[in-house]
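Asks: Sharing the record's features from Swiss-Prot:
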- ASP61, HIS84, HIS116, HIS117: Mg(2+) binding site (BINDING)
- 4-215: domain 'HD Cas3-type' (DOMAIN)
Amino acid sequence: MSCKAFQGQTLREHIEAMLAAWEIVKNKYIPSIIRVMKTVGVKFTEEDADKFMKTLIILHDVGKCSEVYQKHLSNNEPLRGFRHELVSAYYAYNILKDMFKDETIAFIGALVVMMHHEPILMGQIRSLDKEELTPEVVLDKLRTFNGVMEGTESFIKSMIKEKLGVIPKVPSPTQEDVLREVIRLSVLARHRPDSGKLRMVVGALLIPLVLCDYKGAKEREGESPKFAEVLRVEMMK
């Protein structure tokens, strides 16, 4: 399978570039990941934090393996509002739960993946607030989703085995599965008694993921002027 992340860059190439970026900055971010996860009762070792972030990197864009997204990249067919992050979050929740055997880790990881393009959604899904992520909104963002490309499951398994040495259970998402899971996660996020703390944790985890995502995209299209200085500073050893 050759799933594209962008025009001119396969998903594997994008993941590889992000993982390379993570290796450069991880010593800066692993301590903060351990600290923020501790606030929600998760005791990460350095190895756990590294494994968690690498899993997020591998899974954050797997929703782009959706048939609708690949047709958009290959044939310029319209996405009609489709958001790949929602499918990616479904994968992240199920795979993280299988790998870590912990509901909180899976829950938080899925939210991070769901929101990793939050700053650029421009009025589509800007937050986890009720008015932003209603069932109607989620359904609208998934109405053109009709499954993923053949080979997606084996791609995910091979990437995680190659990078982390484990073979996870990988679900086969239907539109109904993704819709139900995303709505459930968003409801839980809004109504937990520690929702304020949860926002802080998700925000802290988004920083290294988004940084590596920009770095991975830079390998394809070059630095954007506004982000170039941030990249130069953060990627310094």
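Even glycines carry a Cβ here, placed using N, Cα and C.
The structure displayed is predicted, hence computed values, not measured ones.
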Asks: Quick one: mean pLDDT on the domain 'HD Cas3-type' (4-215)?
Replies: 89
Asks: State the count of C-beta atoms found within 10 angstroms of the C-beta of HIS116 (Mg(2+) binding site), not counting that atom itself.
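Replies: There are 21 such Cβ atoms around HIS116 (Mg(2+) binding site).
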Asks: Would you identify which of the binding-site residues ASP61, HIS84 has the most other C-beta atoms lying within 10 angstroms of its C-beta?
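Replies: Highest number of other Cβ atoms within 10 Å: ASP61.
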